[in-house]
Every structure is written in structure tokens, then in C-alpha cells.
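Step one of this worksheet: look at the structure below.
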Amino acid sequence: MASCASIDIEDATQHLRDILKLDRPAGGPSAESPRPSSAYNGDLNGLLVPDPLCSGDSTSANKTGLRTMPPINLQEKQVICLSGDDSSTCIGILAKEVEIVASSDSSISSKARGSNKVKIQPVAKYDWEQKYYYGNLIAVSNSFLAYAIRAANNGSAMVRVISVSTSERTLLKGFTGSVADLAFAHLNSPQLACLDEAGNLFVWRLALVNGKIQEEILVHIRQPEGTPLNHFRRIIWCPFIPEESEDCCEESSPTVALLHEDRAEVWDLDMLRSSHSTWPVDVSQIKQGFIVVKGHSTCLSEGALSPDGTVLATASHDGYVKFWQIYIEGQDEPRCLHEWKPHDGRPLSCLLFCDNHKKQDPDVPFWRFLITGADQNRELKMWCTVSWTCLQTIRFSPDIFSSVSVPPSLKVCLDLSAEYLILSDVQRKVLYVMELLQNQEEGHACFSSISEFLLTHPVLSFGIQVVSRCRLRHTEVLPAEEENDSLGADGTHGAGAMESAAGVLIKLFCVHTKALQDVQIRFQPQLNPDVVAPLPTHTAHEDFTFGESRPELGSEGLGSAAHGSQPDLRRIVELPAPADFLSLSSETKPKLMTPDAFMTPSASLQQITASPSSSSSGSSSSSSSSSSSLTAVSAMSSTSAVDPSLTRPPEELTLSPKLQLDGSLTMSSSGSLQASPRGLLPGLLPAPADKLTPKGPGQVPTATSALSLELQEVEPLGLPQASPSRTRSPDVISSASTALSQDIPEIASEALSRGFGSSAPEGLEPDSMASAASALHLLSPRPRPGPELGPQLGLDGGPGDGDRHNTPSLLEAALTQEASTPDSQVWPTAPDITRETCSTLAESPRNGLQEKHKSLAFHRPPYHLLQQRDSQDASAEQSDHDDEVASLASASGGFGTKVPAPRLPAKDWKTKGSPRTSPKLKRKSKKDDGDAAMGSRLTEHQVAEPPEDWPALIWQQQRELAELRHSQEELLQRLCTQLEGLQSTVTGHVERALETRHEQEQRRLERALAEGQQRGGQLQEQLTQQLSQALSSAVAGRLERSIRDEIKKTVPPCVSRSLEPMAGQLSNSVATKLTAVEGSMKENISKLLKSKNLTDAIARAAADTLQGPMQAAYREAFQSVVLPAFEKSCQAMFQQINDSFRLGTQEYLQQLESHMKSRKAREQEAREPVLAQLRGLVSTLQSATEQMAATVAGSVRAEVQHQLHVAVGSLQESILAQVQRIVKGEVSVALKEQQAAVTSSIMQAMRSAAGTPVPSAHLDCQAQQAHILQLLQQGHLNQAFQQALTAADLNLVLYVCETVDPAQVFGQPPCPLSQPVLLSLIQQLASDLGTRTDLKLSYLEEAVMHLDHSDPITRDHMGSVMAQVRQKLFQFLQAEPHNSLGKAARRLSLMLHGLVTPSLP
């Protein structure tokens, strides 16, 4: 491998620019290598689906998508404190160095609820360990979903694959250790790559065949056995760019990069498959098709491949990012093109290139901007790869005021359009979405906003599926399928499009600690009032189609560039050069305040205080006073329509300002402005449409203003009035999005073709028709009286509304049909079940809603919980809700009750005004009854032609109108009376029938419980048969089978649910009683056995019974058997012992005597020669000792004399040098003191002689130190500190603080320092806490404690000084959060807060 040091850096950088085409002008043509219009991102697993709102001509969309943006005044620094609620959405980022402080509600221990803008659908339940995973746990494509798990029995690693469309599942096995990383080639690719901790590579091709998932192994590369496990391994796919002529994009790039601990490997899968046919293959057997890149000192963390596969970018924990030129087919070694440390050598954890792979512009170069992250992405930086300069820095920090401050651990992912960066915190239950803006021409890129969304659990890993533009309803609860229903096949808007706003939809699959979930986030992005144009208004005759105006809507109506084009950044100005967070430039150097500044009242403080962070309470006219800037951030309101009676002027809607630290501390508002929860009710709001338009200068056009624009053209719509609690409650909103809202699209499509009508009828009585109309308002198109029904009901339409009233609504059609029927008999309609049983419908889902969900064209994938699939399938099939109501109403006749009013058959109920009737049945009934309506329309057409006899015709028409009004009033009265009677009768019958049936079932259940749990199944079958027989006699023939099916589906679950608690109670009661009996028996038996009376009685009885026989038996046995035998045995034993002892003693004495004699003889023989030798040795030793003593004495005497001579000489030299040094030091000190004294006397003489005093700033520093030292030695502490503080030199103040101990200064009962000196000392010591922090903090604590609050000067100046000190302490804590002195700094900050708060006005 070529060495990096031997390559010229400039040549390598230029070569890298040539490869990436970074030096090419942005607007220049690129005919040599035109790029296709779409691309893929391997890191994000592929391609996004196109946006339905922005499809069309890409050229026109790009042209209209470019917007003129005003320049942003970027600041140096900004601190954003998130609040944890839904108001933390789209908070503007206005600086190049931004610190984002996490909210306290996002912590795991917080009880805060999740965000209302996030919708969660569980996919699978599994417990993942909460830790930071360097790889991905999940991979997402358009067809499949793959995630890593472990087996429950042996803990082996597996990958679960789920089909998104059919929920079919399969398992992929064969891994060693855990799965380190997995990824699809792109969203439309079926190729899944997995890498385990041992480095084994698996590549499968997935396919759905006959409803089953078939997996085919494409590549399996096996590492040698014994390879150490490492969880830092990563998979990087090469972004695949198909040719423009290709229709299918399911094929993927053959190049993939593997990041190991010490190296990176780039593999060509096509070459591997061509050279090997069987798998697995050991890596040692592969000779071609890969290349190895080495050059980092520690493990690799991230990487990226260029689209052409010739450049590899790697990031490592050693802090380096390196670019390598690679050629797999050739023999050239990888060459390092460029390297640099983006985060000052800290470990890197993120490497993202901001390329728009969703729709790539051929004129835009790749790898123009780069995002890097360090320390688990706690710090993010935006880089320009042309100049290698940092454009923006984002830092994430924990809440410093929280009791447990856990540093963030962020997982980041960039969407394919490079417009949104999504982050999840492993240590917090939160998701962040940051908006990214780019300007290729100017070379600028930055993050423009951040949004916070709270979750219920932390996200460990996630995969992005869709990031697209959408239309947000005013309730913000409808899912994407129903929002997309507002666009028909011909491009026609639905009814909900007029009440929508531009928004962003993000679909994710997230791995939480407890489950895998499908997460959808909808929010309104940050809008610029100068850029966003209002939605185009339409007259009553216009058809709501897009047609040629669709590109304009995508670029202007949505407030963003069309999909596929790079976002325009003309409003971004030149970003300044990066600077340290706490560095002080020449303009921002703090001015040190002398004690004289605190001797004046507060009026003069404005002329002295120049620090930008200090706040003054004086007059605003002073030019030198600076007040903290206040930035109020509020969420954009997305409520429905505003009641004109409840609207407020703009000046009344105020927000409490938040403190902004260090330039622009942006606080997100804890709440959002809520509009009136009322809907627009016809008749209740007769005000004209122009009063509904909110007024006020500079108002941002939100969803409310967009709706107001619509209300200027359209009369108030007929909507049911919503209660305030239902409007505000997130639970009600969530339930509404999954229940009632899914029935609207089919019916709303009919209402769309009719146009918008005028105000609702005012002549209707609210008590009689409000219930029926409210039910029809929920599920039918907006009712408006037609030209035929208007005269009958006595309604006066507004001017110009006649051409919009040609088509009647469902309620009007029913009333017209009844009014035009020749038969005089009036039949009542079905009761308003939606009004009476709303609580029941809200708690238990009805059958009609579930069947209508299945009929929708757009629906979410039918995910099922893996552990609850069988239980959920049991209740999947149910019948229509109207059939259930009809069956209950008909069955009431079989229990002995009578209905006084005649009833319609069930068929007529479904065709004459039931609010649950499907649109198909309504259309069928309209077709059958169309003769009367057609006749009335023909009559109107004829009337429209001017006849000759106008007066007669007018008189005849007036008479007919009067008759029609009279007949209509009578009809309405009869209809209301019969409706009320029928509702009360049916309600009473149903209640009595349910009570009777409940009593019978209760008795049967009690008998069943008495017989036992084993006969439960048989009893359920008998109850089902009895119920079927009882109901079949009272129900009509057409409803018999539906009722039987309903009973089979409803009664057994109810019986089983009723049996289970009763059986549980019975078993619990029996077990409780048995436990009590057992405990009492044990207690009684133990007491009985432990009773002394019982024991004594048993002992006495046994003793009395056994005493006599036992004594006689023992006595006889002992005397006859034991004694004789024992005497004989003892006698024989003693005799044997005596004989043996006597013989042994004699033999021992004989042997001892012989041995002693022989031993004595041998010792005498050996002693004689030893004695002779000892005598000779003693004489020899004496002579040698005498000679040695004489020799040693002479040598010792000579050596002692020599050593004494040497030691005395060296001692003289050392004593001389020491005396010289001491004398020299003492003389120098004395001379310095003399010089200081002389200088002081000279200066005093000069001051007394001169007319003006000499400024102390001109004194020499050494002279000042000498004078201060003299004052300290004399005990004048106040004068010494005052002279040092007056010099305005922080080094001189530190010299005094180091010289004098704090205990010596503040230990005296009256503090020797005056109050101005104390205030000046506090201000100067707090100006810079970066050096000698321990000394400064100790003096600051003592000085703050000795401030006199009763002193007027101290009370006047203490507020501003303490505020400045608190700000400096906050900056110190932010800059050095892990400093050992952080605890003392926090304690001092809390002390200052307690001192300042009571004194503030």
C-alpha cells in the first residue's frame, strides 16, 4: 500500500475533486456523463416512493421550486432548550454554533406522554437490550422488513424477515455471535446483506412465491475459525444508479464495503458469483473480486462509497476521515487521496454525504456537503468538501438541572432527498427531526430547524421508509391513506383538501426496547411568510383539479421545493469562520469593573456596564445599556375553523418571553395557541364569510388562515358541533382517526361532484331534526337544500346559490322521496343509533366499520402482533351495524312487548335515511326513486323558461309553495313524533329484553358453575341453541340467518368472558377457604401437641403402664444373663494382660542394659582423637588472632584519617556555598523592599507636588506587586485589594489572592474588605473561570457570603453583578461538564440564584 506521507496533499486533493467533479460549475452542462434522474442510497436502504402531490414534469417543478428567500442574520452562538411537548416543533436554528439541550420530559424515568404528532402501530414484540448499537438492528425495503433477534432456547442470533404486504414471516440463521449489521441494497431491492460479529458475510435474495417468502443465498463468505468477535463491523452498499432506459430498478449495485476493526474490504459480488458456485466459501480461498484498505490506527466506525464505486470514505475512532481511491479489477493498491480530523481527534460515529438520491440533478456534483459526528453523535458538523471548512456545528447536551444527567447517545439517518436528518437518542424516549437546506451555487448548507417528538420507549435503531410531502388535515389525525383519498384518479381534490395544510410525513420502522413498531410522524415544517403563497382559491363553478397547475401547487402551496430538486438556499448568507465556544475575541473581551464603578447609584451603571450578557433595569434610551434578547417560539396552530365570536386581535395573543443566553437562547413554548374548538354549524353562525378571516398585520398563513381563504369563497359548511373535551383530548383524536374518519372518503367523493352549498336550513327545529342531521353529517356529504327541497322546507337560499343546489343530500333525498310519495301513509325512519349508543361505539369497534375498512383502496399493511395473532383473528368477522340494530328492534316483539307505531321492514330502513347505509345502497335507492326527483328537475327547467302569462304563473307558484310549506310542516311534525316514539319504544324494548335475557343467562351461569368447569363447553353450546331458537321465533325470515350468525359470534365470547371471572372467583374462594382450613388445622394441631397438659397426661399414662413390667424384665435379664457373662470375660482379660506385661517388661530391661554398655564403649573410643584436635586448633587460633588484630588496627587508623580529611574539605565548600546563597537572597529582598519604599516615597512626594494625581495604571507591575506586598505585610488588606482591583489587571488580583489565604481575609469577625471592594472582586474573578478555577471559586464563595444586603450601594449593584456571575458559571458548566469543580460551580450558581431572586423588582 502506498504511504500517505509520500503523496503531495495538494495533488491528492485536486485528484479527489476531479473524481467527484467538485470543481465543475453548478450551472454548467454535463453532457459527458449525464446522470439519471433517480438514485439510491445504500446507507438508507434505497429509494423513496414518489410524492403524489409533486409528480409531474420534473423540469417545471424544478423551475417553480426555486424561491427567493430573504437572507438570515446568522448569529455566532445559540442555545435551544427543548420543552418536551408538541410546541417543540420546527424551532429555528439561527447560528453556526448551536447547542441543543434535551428536555426533562424526554428522560426514560419521565411520566410524560408521547407526542400527538406520532402514530405508532406495533409490528412485533421482542425485548432488546438497551445499549448503543453501532450497526443497524433493522433493515427496510418496500417489500420486506428484516430485524435481528436471538433465539429463546439457545440464544443464537437470527434475522426475522416479514413481508410488508402479507405479514408472512421467515427466519434466516447460521450466524456466529450476534448480527453486527444488516442492510438492503435499496428500497426496491430484494437483496439483503447481513454481517455477524465474526465477520461472516451473508447476501440473500428474497422473493414472495405463492404467499411464502423464499430466500436464496447469493454470497456467503466465511472467516477463519477463531476470529475474535467484534461488534464494530458495518455494511456499506454502493449507491445504485440505473440507466435512464431501464424500466425496472430492482437490481442493485454489485459493490459492497465491509468495515472491520482494523481494515475495510470492498467486494464485487458479481465477480464472486462468477468464480464460485457453491457456498459458503472461506475467505482464504478467494483470490479475486475484493480489495483490502488499511490505514487507520483504531477500529473503523463509518464509511461511504461513491456512486461509481471508485472512492471509499472511511471514518475511525482515531478521529480521521480518509478518502481512498480503489480499483478492484486492477492490481493497484488503494491510495489515500485526502485525510483530516473533523472533530479534533475525537472518535467519529457519523459520516453522511448530503446527496439528493431521490431525484439526482445531472448538473449537481456528488459529495458536495458532508455531515460528520463524534462522541456517539453528540456533536455534528456540516462541511464543505471544496474548501474543507466547517459550515455549522450542532451539539447535543443533557438537561443540566436534571438529577440524572445522562449524555445523549444518538443514532442518525439522512433521508434520500437530503432534506431531513432524523436522530434517535438511545438514552431518551425521543426522536429529533432536523431540516437541512443546501445551496450548491453559493456553497452553503446548514440545518434550519429542529423538531422534537416524544415517544413511549427509547429507539435503539430505525429504518426510514418514506419521507414525503403530505396534506395535513385541520385535526391532524387522519392517516396518509385517507389524506391521499382526497386526490382521485383524475386529480380531483376531496372534501378534506380545502381544510388542509402543507406538511411532512415520515414513515419509520423503529426498534424499541420492548417491541418493533411502525411509526408515522406528521408535522408542519417551518414556513417563511415571504415565501409561502396561499392556496389558490376557487369559485363555486370551478372544478378542483390539478391538471397543469400541479407543479405550482407542489412548489408554492406546499411551501417547499418540489421533490427531486435540490432545496434552494438563496436566503443563507456567508457563514463565518468557526470559533471556539468559549473563545473571546477582541470585540467580546469582558471589561473588568473597578470598585469605583460600584460607588455610584444605579443611574450611572448604564454608562459603565458594557458586557453583552448583563441586563439593566434602567431606561431604554441609554445607548450603552444592553438587554437580553427574547426569542419566543410557538408551534404553528393547525386547528380547524375559527369562530368569529371567539377570535382575538393579534395584540391579545402574547407569549411569555424566555431568557436567551449568549446571544440567542431559544426556548420552545410550553404550549401552543389553541383556536376555538367549535366547528362551523349552519344556523348557529349566520355571520358572513368575510368575518371569519383573521385580521392582523404580519400574520403567518397557517392551516387556519388557509381555511379562512376557503371560507371567503364557500358558505359555512354543515359540520356537527364538537365538544371542547373531544376536540382537545388526544385519545379522542386518535380514536377518531381510526374509526369514523375511515368511512368518509367514499361518501365525500360524491359530495365533491356536487360543489359546495350555502348555509344549512334555519327553519328546522333543533330538537326534531338535529339528531338525525348530526348523524348524517358525520357519514354523508355536506347537506345543502336543493331547489326542490328549499321551497318545501321554507328555506331562503342566498343569492347566487341556485346553480349549486341541483343535487340533494342524503337527508334531502329521503325527505323529498317521502314528500313526493302518492301514498298517504308515513313510515318512520330508523332510530338515531349513532346518537344514543355513541359511548358503546367508542369502546367496542362495530362490524360495519371493520368491513368498510377492508373496502378502502388505501390502507396500512395488516401487521399483526406475533404473540397475539391467533387471538386477534378470532374477532375479525362481524356483520353490519344496522343489521344488529334492526335485529334488536325486531326481536323486542318476541318478549311480550308491542310497538304502537307501524314499523318499516329492514329493507326500507336501509334505503330511507339510515346513517350507516353504504354509498352503494344510497345510490341504488336514488336510482329506484329517481322518477320523482327527475320530474321536479324537469319542472324547474320548464319554469326557468319565461312563459307568457307571468302573473298567473307566479300566483299559482305561490299557492303551491304555501301548500308545500304546510304539508312539509305537517310531515316534519309527524316524522318527529314518530321518530321520538319509535326511539323510546325501541329503547325500552331493547332494555327489557336485555334485562330478561341477562337474568336468564345469570341463572344458567350459576347452575353451570355449580355443576363444574368441565361442562362449560357443553353449556355454551346449549345456551347458543336456546338463544337461536328463542330469537328465530321473533325475527323476520330475512334477518334469521344474520341474527344466528351474530349470536354465534357474540354470545359464546360473552359467556366465556362471564364464565372465566366467575370460575376464577370460585377457584379463588375455594383455594382461600382450603388455605384457611389448612392453616387452622395446623395451628390447632401444633397447639394441641405443644400443650403441657396433654404431654403430662401421655407421660403419666405411659409411665404407669410400663413401669412394673419393664422393671421386672430388666432385673431378670441382668441377673441371669449379663452378670455371669461379664464376670467371666473380665477375669480372662485381666489374666492375659498381666502375663503379657510381665514378659514384655523383662525383655525390655535386658535389651536396654546391653545397648547402654555398647554405646559407652564406642563413645570413649571416639572422644580421644577429637580432644587432641581441639587442643591443636585452639593454639593455632590464638596465634592468628594476635596477628590479625595488629594488622586491622593499623589499616583502620590510616583510613579514618583519610576520610576525615576528605569530609572536612567538602563540608567547608558546601557551607560556603549555602552561606553565599542565603546572604544573596536576603540582600536582594532587602534591596527590593528598600527600592519599593524609596519608589513609594518618591511617588508620594511627586503626588504632593503635582497638581493632578498620577494614574496608577502607569506604575510598573513589579513596583505595584512590591507595594501590595508591603501593604499585606503591614496588615492593610483592604488597601492592598483595592490597589490591585483599581489597576484592572486580573493577574495582579490573582497575585494578591495567591499571596493571602482566604481564611486570613474572611476569618476575622468584621470583614476587612469594604462592600465596593467585594463587588469589584466578585466581578473581576468571575470574568474568566478558565484558569485557577479552584482559587477563584473559593474567593467567590467567601466574598458572596460577606456581602451586606442592608448597604444601599451593595443592594443597588448586586443584581447586575450576580447576573453576570451566574452567566459566566453557566458558560463554564457548558464548556466543561465533567470538570471536578463542576459541583462547586453549581452550588455557587444556586447560591447566587437564591440571593438575587428576592432582590429583583
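Glycine is treated like the rest: Cβ placed from N, Cα and C.
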> Quick one: which of SER275, SER565, SER672, SER1154 has phosphoserine in Swiss-Prot?
Replying inline: SER565
> So which of SER6, SER316, SER1240 shows up as phosphoserine in Swiss-Prot?
Replying inline: SER6
> Which one of THR693, THR807 gets the tag phosphothreonine in Swiss-Prot?
Replying inline: THR693
> Which one of SER37, SER758, SER875 shows up in Swiss-Prot with the note phosphoserine?
Replying inline: SER875
> Looking at SER88, SER560, SER759, which one is marked phosphoserine in Swiss-Prot?
Replying inline: SER560
> Per DSSP, how many helix, strand and coil residues does the repeat 'WD 6' (389-426) have?
Replying inline: 0 helix, 20 strand, 18 coil
> In the predicted model, what is the mean pLDDT computed over the region 'Sufficient for nuclear localization' (913-934)?
Replying inline: 43
> For the repeat 'WD 4' (287-326), DSSP counts of helix, strand and coil?
Replying inline: 0 helix, 21 strand, 19 coil
>> Give me the DSSP three-state residue breakdown of the repeat 'WD 7' (432-475), ordered helix, strand, coil.
In response: 0 helix, 34 strand, 10 coil
